[in-house]
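Report on one structure; see the data block that follows.
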């Protein structure tokens, strides 16, 4: 019997440069991975098998699935691509004016949504033929460069540089439903919507995560809070690490955070508790994704150049089996009432 290390099984054939994102399919244990080595790769995470690879004209900054064997990728070469691993075929949906940082596919709207450093969000209809004039639905100006996107149902959350957060309804993109400022004082690294659709978690470069709610009523806003994480004390000094990644568990609504300290923590946001911390990974955590049933967690251990160019551990993808005890909220224990 092969003993699986505590940090999970390492996949063979990893990218040769920084990993920008990884995502599990909604239908299987297929894993889509984008990288600065200009590649998008499709793995079978269970069988440790690379099923296919596309090479693009620049660093690939994000990717997402459409169905089990096709998806979308966005690139520093400004292009938005549709990629089909079964057919071995790619085509360009369109372009931005600057590198494209993030991509999401909305199953609710049947649209691809991209965010770029050109300070725009664009929506595309992937069913159209190739060519911008046939596939582009709309362009929406943002206050700053787009750093992170997240979708839940018809809601789109856009986090930009300058700590801006815009919240849209995909059915009416003419203007944001809400314009907000991040509750955190420093640059946003990642935004992810709660699976139940009530709000979003947002992480910053300064070792913090904030828990936010869409409902603007006083009662709902009273529930929002922020907490410190991915820090350590050394010689009386607090060393603070960027929190690069957030991933919600699809069943329990708890979430994982990954930081430049090489740690992955599991949190129960409702009860404001850390449930688990995994053993340290070789380098920074660049991205995280739970499988569709929450039974696997994919971890990109990949230096994110937060300390500039320096020797670092090789970029690697680990797939870890998730034990229910690590992710299931613990029931609140109430003291027995006096007799």
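Every residue number used here counts from 1 along the chain in the order it is shown.
Quick reminder: no glycine exception, Cβ is built from N, Cα and C everywhere.
Note that the structure is predicted; figures quoted are calculated from it, not measured.
Feature annotation from Swiss-Prot assigns repeat 'WD 1' to 14-53. What Swiss-Prot lists as repeat 'WD 2' is 95-134. Residues or ranges marked as repeat 'WD 3' in Swiss-Prot: 141-178. Feature annotation from Swiss-Prot assigns repeat 'WD 4' to 238-277. Here Swiss-Prot flags 280-323 as repeat 'WD 5'.
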Summary of DSSP states over the repeat 'WD 1' (14-53), given as helix, strand and coil counts: 0 helix, 23 strand, 17 coil
Tally of residues which DSSP labels helix, strand or coil - the repeat 'WD 2' (95-134): 3 helix, 19 strand, 18 coil
Tertiary contacts of the repeat 'WD 3' (141-178) (same chain, 6+ residues out, Cβ under 8 Å): 101-104, 106, 108-109, 111, 113, 115-121, 123, 184-195, 197, 200, 202, 212, 214, 216
